[in-house]
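Notes follow once the structure below has been shown.
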Amino acid sequence: MNPRIKVVSTGKYVPEDILTNKDLEQIVETSDEWIQTRTGIIERRIAKTEKNIDLAYKAALDAITKSNYDKEKIDLIVVATMSNDNRNPSIANLVQARLGLNDKQIMAFDINAACTGFVYALEIASNLLVTGKFKTALVIGSEKMSQIIDYTDRNTCILFGDGAGAMIIEGTNEPKNEVYFYSDSKGDTEDILYASRYLKMDGKKVYQFAVQMIPVAINKVLEYAKLEIDDIDGIIFHQANKRIIDHVVKIMKIDIDKVFINIDKYGNTSAASIPIALSEYKDTQKTSKKVLLVGFGGGFTWGSAIIDI
Ligand SMILES: CC(C)(COP(=O)(O)OP(=O)(O)OC[C@H]1O[C@@H](n2cnc3c(N)ncnc32)[C@H](O)[C@@H]1OP(=O)(O)O)[C@@H](O)C(=O)NCCC(=O)NCCS
């Protein structure tokens, strides 16, 4: 059974400090021109003093404030992250405390599916709402990638940035609120992308994986929803590389006007990229929209969703 959820609000937070391509030219052997032509990134945000939890909390607060939502209704918090400040407590537990919800019965936990994290988290939360045991979920993607990036490694340091995005969803019985998910993974790719102290990556191989799996993820979720790509109003890709997005748009003959892109401003914020983009996209829309989300990343993991926002 497909879950039925209502998206109540979205929010985002990005740190103030900007690291431009020009700044990176002073740190590693690279150039603004190389970065822009290979990735579409112009600048990214870096949390100099804030921790991952601060980013997650501020994104959650933005979602709550924007919709003037009664936070006391939240009974489930799921955070997608691969850059928690500590192994424990989870960011979700800390967000619960910051929101002053410690005395409430809440299930709060983090998940790690790298850059696919938010799509996985949304699927998990939506299905927990279906049980009826939980009524309102706060789903967050939050990353302080700068604390797992080696700023002497030009293969990775030019790509990533910090930030967080959040979404509040409620369970509902309305058939029109049915949402669709597709998710998949494979685990024999540790030599291509892994993060222990620092994130290491074979960019070319990750690129090949991405352009192969994104069309699969898009087609699968459309098939589950019995929809065509033309039925979708907006497409939010994980913002990893503009060239990856352009490639998929071209081979799938997607209308570029439907594709929301903000990688130029934030770089790849891993699990935060989709909810940040979704929040910015929603803020530009006057009416409800049917959106397709598609994520891919370390693991490898990949997944997609169709929701109304
Ligand atoms: C990382 C990425 C931008 C590199 O682009 P690319 O076209 O594959 O570039 P290559 O790795 O072939 O490198 C081309 C040349 O640029 C050099 N180079 C690599 N990084 C560089 C940098 N930051 N600045 C300047 N030159 C760089 C390489 O050393 C290589 O030089 P050579 O030809 O003399 O050997 C691209 O592969 C990519 O985006 N991959 C996907 C990564 C990703 O999205 N990861 C997250 C997944 S969620």
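Positions of Cβ are set from backbone N, Cα and C atoms, glycine also.
Those TrEMBL annotations? Automatic predictions, nothing curated.
On a predicted model such as this, the values are computed, not experimentally measured, just so you know.
If you look up TrEMBL, you'll see 109-179 marked as domain 'Beta-ketoacyl-[acyl-carrier-protein] synthase III N-terminal'. The active site feature in TrEMBL is assigned to Cys115, His238, Asn268. Positions annotated as domain 'Beta-ketoacyl-[acyl-carrier-protein] synthase III C-terminal' by TrEMBL: 222-308. The region 'ACP-binding' feature in TrEMBL is assigned to 239-243.
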Exercise. For Asn268 (active site) and Cys115 (active site), determine the Cα separation and express it in whole Å.
Key: 9
Practice problem: Enter the number of other CB atoms within 10 angstroms of the CB of Asn268 (active site). | Solution: 23
Quiz item: What is the separation, in Å, between the Cα atoms of His238 (active site) and Cys115 (active site)?
Solution: 7
Practice problem: Return one of helix, strand or coil for Cys115 (active site), based on DSSP. | Solution: helix
Quiz prompt | For Cys115 (active site), nearby residues of its own chain (Cβ under 8 Å, 6 or more apart in sequence) | solution = His238, Ala240, Asn268, Ser270, Ala271, Ser273, Gly295, Phe296, Gly297, Gly298, Thr301
Quiz prompt | Asn268 (active site) in three-state DSSP notation | solution = strand
Quiz item: Could you give the number of helix, strand and coil residues in the region 'ACP-binding' (239-243) as assigned by DSSP?
Solution: 2 helix, 0 strand, 3 coil
Practice problem: Specify the count of other C-beta atoms within 10 Å of the C-beta of His238 (active site). | Solution: 31
